[in-house]
Amino acid sequence: MPQSLPFSPAWLAFEEAVRGASHRGDHLRIIEGGGLSVDLTAQAYSPQLEAAGLALCEQQGFALARRQLFEGGEANWTEHRPAWHTALRAALPPPSVAKDILNERERLRRFVDEADARGAYKYVLHLGIGGSDWGPRLVARALRHQGLKREVRFASNVDSHAVADAMHQLDPHETLVIVASKSFTTTEPLANAEVAIHWLQNAGVADPIKQVVAITANVDAALDFGISPQHVFRFWDWVGGRYSLWSAIGLPIALAMGNNTFDELLAGAAAMDEHFLRAPLAANAPVQMALAGLANRSVMGFNSLAIAPYDSRLAHLVPWAQQLEMESLGKVATRDGSPAGVPTGPVVWGMTGTDCQHTFFQWLHQDTTGAPVDFIVCEHADHTYDHHHRLLIANCLAQRAALLRGKSFEDALAETCARVDDPSEARILAEHLVHPGRRPSTLIVLPRMTAHNLGALLALYEHKVFTQGVLWGINPFDQWGVEFGKALARGIIGELDKPSGMASADPSTRYWVDLLSRRS
């Protein structure tokens, strides 16, 4: 049974080891897993810290929790169900769910093959939100250099400007609309589906609903919506929204790039699953990333994690990771209801390189706190501008080295004295050139941007987050804060439609509901 962290023996030893560890990056630590290289050299390290991290995993019951994750145990204990997304990408799914998974995979494959054979649909309009949007959106952007069979557009926000932009210049007669919602009650995809169906109707499409596909765990609701059974693809309650890319939610990927590309994505994630399951914990990339994250957040007090993919194709990785990490770890209650007792999930933010260098890296280098950074880069590019790719890699490595190395006052003073005659002015200027250094970072290297490597990268982050949830003692598979906000929104929309005073609301909410209901 996991222990409350703050005063547990393994946590106290881990905390002491972090404070006593080297932060100079003088011990080369590179882990190979799932086809990726994960370089943790610039994270805190000592043999004592490595041992303390393994002891913490043992104390918190990590081995049992990992086994339950892969065997369909109650990993999501507050909702009393598994979190079995790993089964979706296994070549041979667990026997109890294999028939359902393989049948749905085959239905998906057949739908895509038949559409290809008929030359059906030039465009796909994917309507989801959160996990049903960010995963396929990320993959579609990251792999489009491989060529597209169909153009895919995404709309998620309930702001109808977004869906109007997505539909702009599409041919309604050649567009397949995908409505992706686990519950098939979520406001955003259903509201956008109504807009899309009206768009099809207004264009003279004879039977608009025939061009609509549903992906959901609530098949009955999709059928009630009017979608034909042949166009309803299923996933299950034990698949969390932010882990649903590996299910039928991946349909737009298969339609855009082919079934084989989606298969390779699953295979890459499965390869990282195997690494996570089999590799010793000291050489286990997700586990060691998780322990580094605990050291940074819960001991050294870093409030955030920056993600800097030095590849423009990974532009959507940051919001995908924001949802994965912050929706999974943005909580404090442990299994018995007591608080974790230490800082938990960090704020996740970032941008692709080299744009990020001209946006927020100044803060990373010289702010009083800074933040750990995950650098991500591909060894090989998929263009012919070799010099440009070398520039990209050089910038990535240089920024990481600068964050680690820093610049002392003495070095800065030697630099300023060489170009400023006045010693007093040289000393003042030198203060501005000091970089604290010893800022932690991780470097993740993909050999090339392929579906396999991308699948492995996403699974790496999934398993890191799972491990941190186990070590902090929190459930990474629920999202009660999201549900609370949704419930309040339902009450407010009722008031905007038919005001009654909202006596229980705060004064500001009452003011704006009253004002906007009268003006609308």
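Our numbering is plain: 1 for the first residue shown, then up by one each step along the chain.
Just so you know, glycine gets a Cβ as well, placed from its N, Cα and C.
The following features are taken from Swiss-Prot:
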{"type": "ACT_SITE", "residues": "Glu327", "note": "active site, proton donor"}
{"type": "ACT_SITE", "residues": "His358", "note": "active site"}
{"type": "ACT_SITE", "residues": "Lys486", "note": "active site"}
Residue, out of the active-site residues Glu327, His358, Lys486, whose Cβ gathers the largest set of other Cβ atoms within 10 Å: Glu327
Where Lys486 (active site) falls in three-state DSSP terms: helix
Cα-Cα distance linking Glu327 (active site, proton donor) and Lys486 (active site), given in Å to the nearest integer: 14
Rounded Cα separation (Å) that holds between the residue listed as 'active site, proton donor' and His358 (active site): 29
For the residue listed as 'active site, proton donor', the three-state class that DSSP assigns: helix
